[in-house]
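Colleague: First the structure, which I've put down as structure tokens, then a few questions once you've had a look.
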Amino acid sequence: MNRALNFNAGPAVLPETVLREAEKNWLNFNHTGMAVMELSHRNKEYETIHEQAKLLLRELLSIPDSYEVLFLQGGASLQFSMVPMNLLTEGKTGNYILTGVWAEKALKEAEKVGNTFISASSKHQQYQSIPTENIEVSEDAAYLHLTSNNTIYGTQWQQFPGNIGIPLIADMSSDLLSRKLTIENFGIIYAGAQKNLGPSGVTVVIIQKELLSRSGNHLPTMLNYNTYADHNSLYNTPPTLAIYLLKLVLEWAKELGGISVIEKRNIEKAKILYDAIDCSEGFYLGHSEKESRSKMNVTFNLTDDETAKSFLHQAKEEGFIGLNGHRSVGGCRASIYNAMPVEHVIQLAEFMKKFRKYN
Ligand code: PMP
């Protein structure tokens, strides 16, 4: 069976070897006579999966002991609320950098909890770039929140703000595990799994232990980070199947050579598509300014709606899936996460050249 040319933004393509491994174990995991989702979450077999997933994340991302790795549910969207509920204490202000719709949504949830401040924004220029200059931090700032990769607009922080003196909180839903990071520069990193990490259903939260003391006792149990930290993310039933698949994806990433090899591959894949845009003499128009370009989501448009429609139609006929831009911005978007094979990216670039030639 040929794998689809799947450029979906998330849930997205997973490594074929991961799916095959899961298939092999589907009915009878590790000679237990049970499927993974039939195991008790208190069972030794499951506990091993859970521990391995955590350890692999720690190893691949070089997460220091001063950080907890937590598995939650509710997607990145629940983190938009949990971050302010746990960190935005009385009299403090949540600082937000607006780089797109997801950042706006994070801000909206914080506004329901306490004081907020917009530290920088690129909204006035249709979120075509990352506002790296003139980041203002308010008085009594509790934290600075940003979105590391803007899935919809195809922009990405190339270098994170440094020396801000307050915890930096990053929504890394669409680029965690895609490039090297210095974890110590962040207070919290969170990501829904369904782009680079595995299937939807599990959210990874990496939190500096020191920050756990900020959460008030008034918080509902399931919305307090301490509940997850104190119980190894096993206070209640975790999404066991999603965590198993996360573990398989992390094993695949390690096997491939770890983050530096993955990052190199991602740079190579993105270059293939950006070259197709840049060498098209204006036939394809990239949405993002060059210095803010994402290596995960390549966004572009064509000179008029008719040609764009025809491009998407023909691409679909040729088997390319998920190339429509997000419904809020239109145009085209190719999502090329870790598991996207280089060959599929080359095929897309060739299709783009061919389409240009005949139009
Ligand atoms: N943040 C970013 C950067 C995203 O791309 C998405 C989903 N595409 C979200 C947050 C929302 O994630 P979820 O659906 O897991 O709540």
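In case you wondered, yes, glycine gets a Cβ from its N, Cα and C as well.
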Colleague: Do you know which of T48, T132, T151 TrEMBL groups with A76, S77, W102, D171, Q194, N236, T237 in the pyridoxal 5'-phosphate site?
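Modeller: Checking T48, T132, T151 against TrEMBL: the pyridoxal 5'-phosphate site match is T151.
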Colleague: Running a distance check here. Ligand 1 versus the recorded positions R42, K195, T237: which have CB less than 6 Å from one of its atoms?
Modeller: none
Colleague: How big is the Cα-to-Cα gap, in Å, between T237 (pyridoxal 5'-phosphate binding site) and R42 (L-glutamate binding site)?
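Modeller: A Cα-Cα distance of 9 Å.
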Colleague: Please classify the secondary structure at T237 (pyridoxal 5'-phosphate binding site) using three-state DSSP.
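Modeller: SS state of T237 (pyridoxal 5'-phosphate binding site) = coil.
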Colleague: Other than its own, how many Cβ atoms are within 10 Å of the Cβ belonging to N236 (pyridoxal 5'-phosphate binding site)?
Modeller: 12
Colleague: Averaging the per-residue pLDDT over the domain 'Aminotransferase class V' (6-347), what integer do you get?
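Modeller: The average pLDDT of the model in the domain 'Aminotransferase class V' (6-347) works out to 97.
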